Amino acid sequence: MAAARVSRSRCGLCLLLAAVLGSVHYSGALEIYTPNDLIYVENGTYAKLPCTFKSTDVTSSMTSITWTYTEEGSTAAGLVIFYYIGGKQYPGQLPRFKDRVTWAGDINNRDVSIKIDKITFKDNGTYSCSVMNPPDISSTPKQIKLYVVEKNNLPASNVPFLVGIICASIGGILIIAIIVFAVVITKKKRSRKDYTGAQ
C-alpha cells in the first residue's frame with residue numbers, strides 16, 4: 001500500500017515536471033529582429049520598415065503581426081496602423097495612414113516588414129513590430145524610430161569611411177609584414193656571409 005502511494009506521488013511529480021518543462025520550452029522562444037532602430041527617409045518618398053522573427057514553431061494561419069505608431073515626443077500607447085493574420089491585411093486606427101501602409105513581408109520566410117507610401121514630416125515617430133506565432137506568443141516588440149528629412153538631405157553613410165579605415169589598416173599591416181620579412185632575409189644573408197668568411 002505504501003509502495004503504491006510512493007508510486008503515485010512519483011507519477012504526480014513526473015507530470016508536474018513535464019508541465020513545467022513544457023512551459024519553459026515556449027518561454028522567450030519567439031524573437032523579433034530589426035536591422036536598424038533608426039531610419040531616415042526623404043519627404044515625399046516611401047519607407048520600408050524591416051522586421052523579421054525567429055520562432056520554434058512553424059507559421060500558420062494563426063500567426064499575427066501588429067505594427068503600432070507613437071508620435072514623436074508622445075508618451076501614449078502606440079496606435080495600430082497595420083494588422084496581419086491568415087494572409088489578410090487590416091488597416092489600423094489612424095485615418096492619415098489609410099491606404100498608405102502595405103504588407104512588404106513574406107510570412108513563410110518570417111519577414112513581417114511593411115511599407116509606408118507618401119511619407120511626410122507628420123510621420124516622424126516610433127513604429128513597433130509585434131509578432132504572435134501560437135503557441136509561441138511570448139516576445140518583446142521591436143521599435144524603429146523614423147525621421148523624415150528634406151529631399152537630398154539624408155545623413156551621409158558611414159560605410160565608405162569604415163571601408164577606408166579597414167583598407168588603410170590592412171595596407172599598413174602588409175607594409176609592416178614586408179619590412180619585417182625584408183629585414184629577416186637581409187640578416188640571414190649577412191649571417192651566411194659571416195659564417196663563410198670565418199672558415
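Keep in mind that glycine also has a Cβ here, set from the backbone N, Cα and C atoms.
The signal peptide annotation in TrEMBL covers 1-29.
Taking DSSP states H, G and I as helix and E and B as strand, the domain 'Ig-like' (41-145) has 9 helix, 49 strand, 47 coil. The feature domain 'Ig-like' is assigned by TrEMBL to 41-145.
Summarising the annotation, TrEMBL assigns transmembrane segment to 161-185.
Predicted-model confidence for the domain 'Ig-like' (41-145) is 93, expressed as mean pLDDT.
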